[in-house]
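Chemist: First the structure, which I've put down as structure tokens, then a few questions once you've had a look.
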Amino acid sequence: MLLSKLSILLAKWLSVAVYAGTLVHDEQFIPDHILRVSVAQVPSACENREDVVVNGTSPGPAIHLLPGARTWIRVYNDMNDRNLSMHWHGLSQRFAPFSDGTPSATQWPIPPGHFFDYEILTEPEDAGTYFYHSHVGMQALSCTGPLIVEDCGSSPYHYDDERILLFQDHFQKSDLEMIQGLTSTQFTWTGETRGILLNGRGVSPNQAAVQGRPGEASGFFGSHRFSNFRAGDGTSNSWDGIRGDDQIEPPTDCTLPVIDVEPGKTYRLRFIGATGLSLLTMGFEDHNDLTIVQVDGSEYNAPVTVDHIQLGGGQRFDVLLRTKTAEELRCNGDKTTYFLQFETRDRPDPYRGYGVLRYNLGTPVPAAPTTPALTLPAEVNNWLEYTFQPLHPSSSLSPTAEEVTRRVILEAEQKIDPATGRLVWKLAHMTWTDMSRDKPVLVDIYERGEAAMPDYAAALTNYGWDPATKLFPAKKDEVLEIVIQNTGSHYSGASGIVETHPFHAHGQHFYDVGSGPGKYDPEANNAKLASLGYRPIKRDTTMVYRYGEGKVAPGEPAGWRAWRMKMNNPGVWMVHCHILAHMIMGMETIWVVGDAEDIVTIPLSVSQNYFTYGGSVYGNDTHAPEVYHYFDDTNKCCAAGAGDSEDSGH
């Protein structure tokens, strides 16, 4: 059934004319997907909160993309007083210039009352689970949604159906209140998460889940794939000319989230870590056989079987779950609901929440158990380290130690900035936020060419970054080993405290070569990789753990994470912690790959449309945007997408 719908989607794609150069996106232009972002009071974790929502809900609709095809996604900023951007998390190397959605790095944000058309080109090998989110302030807490790239033909793993499980944090403070506290000289922390949401539904510690009605909708509409679209006001309509998208049903009562399944089937569970703070550990009651087949999209891995999942902010895991047969359910007393239990880790105020795996729509949704359904492991540091390897090892392009040309250490420090009196996070002794520049770096390079480029020689003697521009330069095709080195806090209010960080790279995937306690020792880690015969898979988000008891002497090394990357995608890209509060406090870096000639790929006559805030590439009620079409409409997946049978690979 899934592939028959894909064939319909493919036929619509192939009917689009081939464009080239600059076009006016007037009423004749029909984008493939539309996202309208606004502000609304949302029933979140059984409480009300003002959230930034997408098409009326948080999370927003699940966007399904065909691999090997160009896609246009129109993003409207319907907010009155806030800028907006949209980042396509994990789809590295797959978007046109000025489309990465990072305001300080690659594009001006979308002004209130305007829209921007994002151009994305997927490749056949991009099949996997991703997500989109705003890259402005704390908006990504709620302004987010799933982004699924379908398989080009058959998946290498058989499954009958799939379910999306997107996790978010719930905070009682408003986005603005949290930002003000983080950036004040009288530092005020955001507070800990007050609830974990699964597909928009969860329970705050101040509330209690009640029993739900039989058949109540929850999560994304699996049966409405490619046909449902929810307008900005929350109403549903078909949008005949626009691909449809799954969307959650907003909660109307305080019940647990539900994952509906049928007996005796294999489900592909797409776990998405859209949390802005929390690292989660989770497992299913009486379902201990979970097979991880893909991590962070992009590449299938050799199967790894576990009994629980660990999910940090920005990470994704695709997991095969074999449900119980009808006979097994009968032998288990006709039990048709089982709890999914999830708990936060490495935070001072832990949270435990539940979802429900339900086998029968006629079964009422149970309330949360009074005692834990599972005992989940407390330690997170060694979960599946040095484990994930390619499904096809011969095709691995993971750089060896001998190929590494340079090592950059990003030492993570928390301290008071003497210039501002604010508490900040630093990487490699430098702090960066969206306020560090008066214009995006990519715009500056297009305008001034080599004069805007960072000094490579100066960076070599200054922790990897140029002191004049605060940018990390990399030569095209050089092989870097990037090490994030965790240390104890210098802040008197948290002296020696060590935090766990999810680190994410834009622009291209990296090969994760491990982690460990203390200070990074490249010789020891290379020996470990050799002894294991380990060839890592491509990743875009991995964890830097705190190790030990989470406290060392101020500035003392506490743990590390190492990546290897061949810098083969010229452009301007971010590497940053994916905890939103830490980003606002400066835990971000900007990398410039290649020289100006490599980066400037759009003619000046049209690229200048992107140079100003609210310029001609941004549409509004009175102006149709003038947009450069970077990719053509050649579909690299035509034969595979149209030729497979319905049941192949699923």
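The chain as shown is numbered from 1 upward.
Quick reminder: no glycine exception, Cβ is built from N, Cα and C everywhere.
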Chemist: For the Cu cation 2 site, Swiss-Prot lists His133, His578; sort out which one of His89, His158, His170 goes with them.
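Modeler: Cu cation 2 site check in Swiss-Prot: besides His133, His578, the record includes His89 out of His89, His158, His170.
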Chemist: Besides His135, His506, which of His64, His114, His576 does Swiss-Prot list for that Cu cation 3 site?
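Modeler: That Cu cation 3 site, as Swiss-Prot gives it, pairs His135, His506 with His576.
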Chemist: Which of these, His392, His429, His490, His501, does Swiss-Prot list as part of the Cu cation 4 site with Cys577, His582?
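Modeler: For the Cu cation 4 site that includes Cys577, His582, Swiss-Prot also lists His501.
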Chemist: Check for me: which candidate out of Cys46, Cys143, Cys637 does Swiss-Prot give as the disulfide partner of Cys254?
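Modeler: Its disulfide partner, as Swiss-Prot records it, is Cys46.
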Chemist: Quick check for you: of the recorded positions Asn83, His87, Cys254, His504, His576, which have their Cα within 10 Å of the Cα of His582 (Cu cation 4 binding site)?
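Modeler: His576, listed in sequence order.
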Chemist: I'd like the Cβ neighbour count for Asn620 (N-linked glycosylation site), meaning other Cβ atoms within 10 Å of its Cβ, all protein chains included.
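Modeler: Around the Cβ of Asn620 (N-linked glycosylation site), 15 other Cβ atoms lie within 10 Å.
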Chemist: Relative to the mean position of the Cβ atoms of His89, His133, His578, the recorded Cu cation 2 site, which additional same-chain residues have Cβ within 8 Å?
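Modeler: Going along the sequence, the neighbours appear as His87, Phe131, His135, Ala140, Thr144, Ala274, Gly313, Gly314, His504, Thr541.
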Chemist: Have a look around His576 (Cu cation 3 binding site) and count the other CB atoms within 10 A of its CB, chains all included.
Modeler: 26
Chemist: Can you tell me the CA-to-CA distance separating His89 (Cu cation 2 binding site) and His506 (Cu cation 3 binding site), as a whole number of Å?
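Modeler: Per the Cα atoms, His89 (Cu cation 2 binding site) and His506 (Cu cation 3 binding site) stand 8 Å apart.
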Chemist: Of the recorded positions Cys46, Asn55, Asn83, His133, Cys254, which one has its Cα closest to the Cα of His504 (Cu cation 1 binding site)?
Modeler: His133
